[in-house]
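Comments concern the structure below.
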Amino acid sequence: MGDVEKGKKIFVQKCAQCHTVEKGGKHKTGXNLHGLFGRKTGQAAGFSYTDANKNKGITWGEDTLMEYLENPKKYIPGTKMIFAGIKKKGERADLIAYLKKATNE
């Protein structure tokens, strides 16, 4: 499992421009991520997803996020997330540890 504090820094640097994590947080360019773990792709209420996201049909968890965050456009071709990905597995683990905590508070 990753380091939550390191993950928070990664989130602020690479994700917070487009995403919020708190309950009731607003959608920005990307969806609010609260309740992410255990939710299927393309299901955050009130966010306009591409068909690719809605139809992917996987449930978000540590393993699916580890793969997705390495190369989002490869994992979900047609996603509108314009993020290249995080190549370092340790950084992805830290980010996932943070997301697991922050999206569930």
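Placement of Cβ uses the backbone N, Cα and C atoms for every residue, glycine included.
The N-acetylglycine annotation in Swiss-Prot covers G2, and the record cites similarity to another entry as its basis. Counting only residues at least six positions away in the same chain, the Cβ atoms of G90, R92, A93, D94, L95, I96, A97, Y98 sit under 8 Å from the Cβ of G2 (N-acetylglycine). In this structure, G2 (N-acetylglycine) belongs to neither helix nor strand by DSSP; it is coil.
Among the features that Swiss-Prot reports, heme c binding site is placed at C15, C18, H19, M81. Taking a C-beta cut-off of under 8 Å and a sequence gap of six or more, M81 (heme c binding site) has these contacts in its own chain: C18, G30, P72, K73. Classification of M81 (heme c binding site) by DSSP places it in coil, neither helical nor stranded.
For Y49 (phosphotyrosine), the count of additional Cβ atoms within 10 Å of its Cβ stands at 17 [all protein chains shown]. According to DSSP, Y49 (phosphotyrosine) is assigned to coil rather than to any helix or strand. Swiss-Prot lists Y49 (among others) with the feature phosphotyrosine, giving similarity to another entry as the kind of evidence.
Secondary structure from DSSP puts K56 (N6-succinyllysine) in a helix. Over all protein chains present, the Cβ of K56 (N6-succinyllysine) has 19 other Cβ atoms lying within 10 Å. What Swiss-Prot lists as N6-succinyllysine is K56 (among others).
For K73 (among others), the entry in Swiss-Prot reads N6-acetyllysine. The secondary structure of K73 (N6-acetyllysine), as reduced to three states from DSSP, is helical.
The feature N6-succinyllysine is assigned by Swiss-Prot to K73 (among others), with similarity to another entry given as support.
Within 10 Å of the C-beta of Y98 (phosphotyrosine) there are 23 other C-beta atoms, taking all protein chains into account. In this structure, Y98 (phosphotyrosine) is part of a helix by DSSP. According to Swiss-Prot, the feature phosphotyrosine maps to Y98 (among others).
Just so you know, the Cβ of K100 (N6-acetyllysine) picks up 18 other Cβ atoms within 10 Å once every protein chain is counted. For K100 (among others), the entry in Swiss-Prot reads N6-acetyllysine, with the evidence type similarity to another entry.
Nearest neighbour of K56 (N6-succinyllysine) by Cα distance, taken over the recorded positions H19, Y49, K100: Y49. For K100 (N6-acetyllysine) paired with C15 (heme c binding site), the C-alpha to C-alpha distance reads 14 Å. Taking the C-alpha positions, the distance from C15 (heme c binding site) to Y49 (phosphotyrosine) comes to 17 Å.
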